[in-house]
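Chemist: These came from Swiss-Prot, pasted as-is:
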type    : residues                               : note
BINDING : His87, Asp98, His194                   : divalent metal cation 1 binding site
BINDING : Asp98, Glu133, His386                  : divalent metal cation 2 binding site
BINDING : Gln197, His230, Asn279, Arg292, Gly361 : N-carbamoyl-L-alpha-amino acid binding site
REGION  : 213-331                                : region 'Involved in dimerization'
SITE    : Arg239                                 : site 'Necessary for dimerization'
Amino acid sequence: MAAPGENRRVNADRLWDSLMEMAKIGPGVAGGNNRQTLTDADGEGRRLFQSWCEEAGLSMGVDKMGTMFLTRPGTDPDALPVHIGSHLDTQPTGGKFDGVLGVLSGLEAVRTMNDLGIKTKHPIVVTNWTNEEGARFAPAMLASGVFAGVHTLEYAYARKDPEGKSFGDELKRIGWLGDEEVGARKMHAYFEYHIEQGPILEAENKQIGVVTHCQGLWWLEFTLTGREAHTGSTPMDMRVNAGLAMARILEMVQTVAMENQPGAVGGVGQMFFSPNSRNVLPGKVVFTVDIRSPDQAKLDGMRARIEAEAPKICERLGVGCSIEAVGHFDPVTFDPKLVETVRGAAEKLGYSHMNLVSGAGHDACWAAKVAPTTMIMCPCVGGLSHNEAEDISREWAAAGADVLFHAVLETAEIVE
């Protein structure tokens, strides 16, 4: 006789309906969402999620970072829980699925267990981490970072948004300051299901990404100092052009990333010119280089080479150059046993799959410091994310949720 839940699927329609219902909260201007952390919309989304969880029989705990832990009890009171987590907060111009898919698929896994009358030895905890995005309060993955001991609670509370409001004050204001000590919970395992946020799965026509690693990164902030001058009347050989120096550094970063394949990336997404006038050569340019690799030695080698070559480029142009490392985390290797559990679930269910390295940071990257951890990914249309046009299909969402359901059941141990 088949074991409870054997080859069963989650309720795809219920999952999709929940995603669409959550997306009504904090609507964006172009079909996505603006539900930034600790806003009124975030509070409303949390309350909706809480109500769904309580309807499913889960009990809630909230820690001093506002992270929500919704627990389905296991049969063994001494067994550590299996966590399923992600985030409900979004970018200012975010999509409906980034983070939200993982949280609501965790809830759907529990709902399906209830439907099938499944009991597990280990408790199941569905987790909504606070401020994963870092869009309003930098840095990203803040609550999971405090949980893992990367940041202090005091540091987190002192983070300020662009309006000068502090994380701690806003956490109190929306009513989600809990009393549970951050990091007090111990985990048997941690699973996170997420959209890929890249184009590989769709291009390869695969339904499931089995995530083996998270890339490490360095963020290097450059300040280049040139001389403001008229773009029309300053001869080419008499310019001290900070903008030209930046362009040559960007080309060098591209070369360094290409020479450190496979897996390395590098680029610039933020830059500021001063005085930023169309007919004035910039006297100052500030920009941030983002380099990533799943290989620690390559990552550190890329940083060293960029920091060595950039000043030489600037010196040849007479431009001043200073570099500050403003962000970093090491590459993460996910738990091999859990990775194989995910792969086995995909194979059992007949879903096409491939290994992936996550190019983006996730709460799972910090969870891996304190518990066996892995991730599951599904495709997203065109690889778009952090964009209101972010989209997935109902079938993609359900396939990953099915794999999550079976991988969690195997790890939490069904009691017959």
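Residue positions begin at 1 at the first shown residue.
The backbone N, Cα and C atoms fix where each Cβ goes, glycine too.
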Chemist: What is the set of residues, excluding Asp98, Glu133, His386, whose C-beta falls within 8 angstroms of the centroid of the C-beta atoms at the divalent metal cation 2 site?
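Modeler: Near the divalent metal cation 2 site, beyond Asp98, Glu133, His386, sit Thr90, Gln91, Gly94, Gly95, Gly99, Glu132, Ala135, Gln197, Ser385.
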Chemist: If the N-carbamoyl-L-alpha-amino acid binders are Gln197, His230, Asn279, Arg292, Gly361 per the record, what's the largest distance between their Cα atoms, in Å?
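Modeler: The span, Cα to Cα at its widest, is 42 Å.
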Chemist: Given the recorded positions Gln197, His230, Arg239, Gly361, find the one whose Cα is closest in space to the Cα of Asp98 (divalent metal cation 1 binding site).
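Modeler: Nearest by Cα distance to Asp98 (divalent metal cation 1 binding site): Gln197.
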Chemist: What are the non-local neighbours of Asn279 (N-carbamoyl-L-alpha-amino acid binding site), defined as same-chain residues 6+ apart in sequence with CB under 8 A from its CB?
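Modeler: Residues satisfying the criterion: His230, Thr231, Gly232.
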Chemist: Out of His87, His230, Arg239, Arg292, which of these recorded positions shows the lowest number of other CB atoms within 10 Å of its CB?
Modeler: His230
Chemist: Rounded to an integer, what is the Cα-Cα distance in Å between Arg292 (N-carbamoyl-L-alpha-amino acid binding site) and Glu133 (divalent metal cation 2 binding site)?
Modeler: 18
Chemist: Taking DSSP states H, G and I as helix and E and B as strand, how many residues of the region 'Involved in dimerization' (213-331) are helix, strand and coil?
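Modeler: Taking each residue of the region 'Involved in dimerization' (213-331) in turn, the totals are 42 helix, 46 strand, 31 coil.
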Chemist: By the count of other Cβ atoms within 10 Å, pick out the sparsest of the binding-site residues Asp98, Glu133.
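Modeler: Counting other Cβ atoms within 10 Å of each of the binding-site residues Asp98, Glu133 gives the minimum at Glu133.
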Chemist: Is Asp98 (divalent metal cation 1 binding site) helix, strand or coil when read with DSSP?
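Modeler: DSSP call for Asp98 (divalent metal cation 1 binding site): coil, neither helix nor strand.
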Chemist: For Glu133 (divalent metal cation 2 binding site), identify the closest of the binding-site residues His194, Gln197, Gly361, judging by Cα separation.
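Modeler: Going through His194, Gln197, Gly361 one by one, the closest to Glu133 (divalent metal cation 2 binding site) is Gly361.
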Chemist: How far is it from His87 (divalent metal cation 1 binding site) to Gly361 (N-carbamoyl-L-alpha-amino acid binding site), counting Cα to Cα, in Å?
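Modeler: That separation, Cα to Cα, works out to 12 Å.
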Chemist: For His386 (divalent metal cation 2 binding site) and Gln197 (N-carbamoyl-L-alpha-amino acid binding site), what Cα-Cα distance in Å is obtained after rounding to a whole number?
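Modeler: Cα-Cα distance, His386 (divalent metal cation 2 binding site) to Gln197 (N-carbamoyl-L-alpha-amino acid binding site): 8 Å.
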Chemist: What other residues of the same chain, not counting His87, Asp98, His194, have a CB atom within 8 A of the CB centroid of the divalent metal cation 1 site?
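Modeler: So the additional residues around the site are Ser86, Phe97, Gly99, Val100, Leu101, Gly102, Glu132, Ile195, His362.
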Chemist: Please identify, from the binding-site residues His194, His386, the residue with the sparsest Cβ neighbourhood, meaning fewest other Cβ atoms within 10 angstroms.
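Modeler: With the binding-site residues His194, His386, fewest surrounding Cβ atoms within 10 Å: His386.
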